Amino acid sequence: MIKQRTLKRIVQATGVGLHTGKKVTLTLRPAPANTGVIYRRTDLNPPVDFPADAKSVRDTMLCTCLVNEHDVRISTVEHLNAALAGLGIDNIIVEVDAPEIPIMDGSAAPFVYLLLDAGIDELNCAKKFVRIKETVRVEDGDKWAEFKPYNGFSLDFTIDFNHPAIDASTQRYTLNFSADAFMRQISRARTFGFMRDIEYLQSRGLCLGGSFDCAIVVDDYRVLNEDGLRFEDEFVRHKMLDAIGDLFMCGHNIIGAFTAYKSGHALNNKLLQAVLAKQEAWEYVTFEDDAKLPMAFRAPSMVLA
């Protein structure tokens, strides 16, 4: 039987909030089977929980937020959510003493390291996957995203940025997903932004944690970071990282083929909601026979060590 996963122990880290620029303490806690992914703000009294749920997602100019019925929100969840998807973590309590998850280096890699440091535990309960049964597509002008049936999890993402630093040959990336492929090829790709936008936002008291330490920063001509890029196609890899996190907002790994053109958080979420709203387009599946599990979700020994 393919089992649900949680953490072996509690781990903690500190970072800076992208919005406030203030120190944030992040605590990751194991959770029992069928808990799901829960984000918790401990800076509020009493603490407020935000279960990962496609319908709770709000896209802002700077990040993805989860918002509850009282309009209380927790921000910048997308990169940690991608790390949870990448390692197939089904049950976890994510606590922060702030309104946002720390931005860390702008990628998912610090969260992957933290999760691996905690250790991954298998629970004696079947893991539920969402399997795509019919093609579902959403569009917004010339942007689009779709899911098709596929016995695995594949991603094909194209961006279209007219910028000298983003070469035409590096605007498309495809991935046959696995935990190992995610860690090696996707998790280290950082978010990116224009220097002029960061300066403008900071002049208005926003994006106070934005810096070269947590993003690729470009001007009109080049990448400004001294160390340059981690991958020549880091921009599109990061957009794929975002999509992996966005699509895991249903709390389950998805079995299907995802293709997107110029998509972002809002359109990724629109696709996920469109799939879930169409009952005949998907189903929950479990795997009693390990041999029937798609290769995409077979954990390498380093993950479950």
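Glycine too: its Cβ is placed from the backbone N, Cα and C atoms.
Quick caveat, the model's predicted, so the values are computed rather than measured.
Just one of H79, H163, H252 is listed by Swiss-Prot for the same Zn(2+) site as H238, D242, and that one is H79.
For the pair H265 (active site, proton donor) and D242 (Zn(2+) binding site), the C-alpha distance works out to 7 angstrom. Same-chain neighbours of the Zn(2+) site beyond H79, H238, D242, judged by a C-beta within 8 angstroms of the site's C-beta center, are, in sequence order, E78, A82, G106, S107, A108, A189, R190, T191, K239, M240, L241, G245.
Comparing the recorded positions H79, H238, H265 on other C-beta atoms within 10 angstroms of each C-beta gives the minimum for H265.
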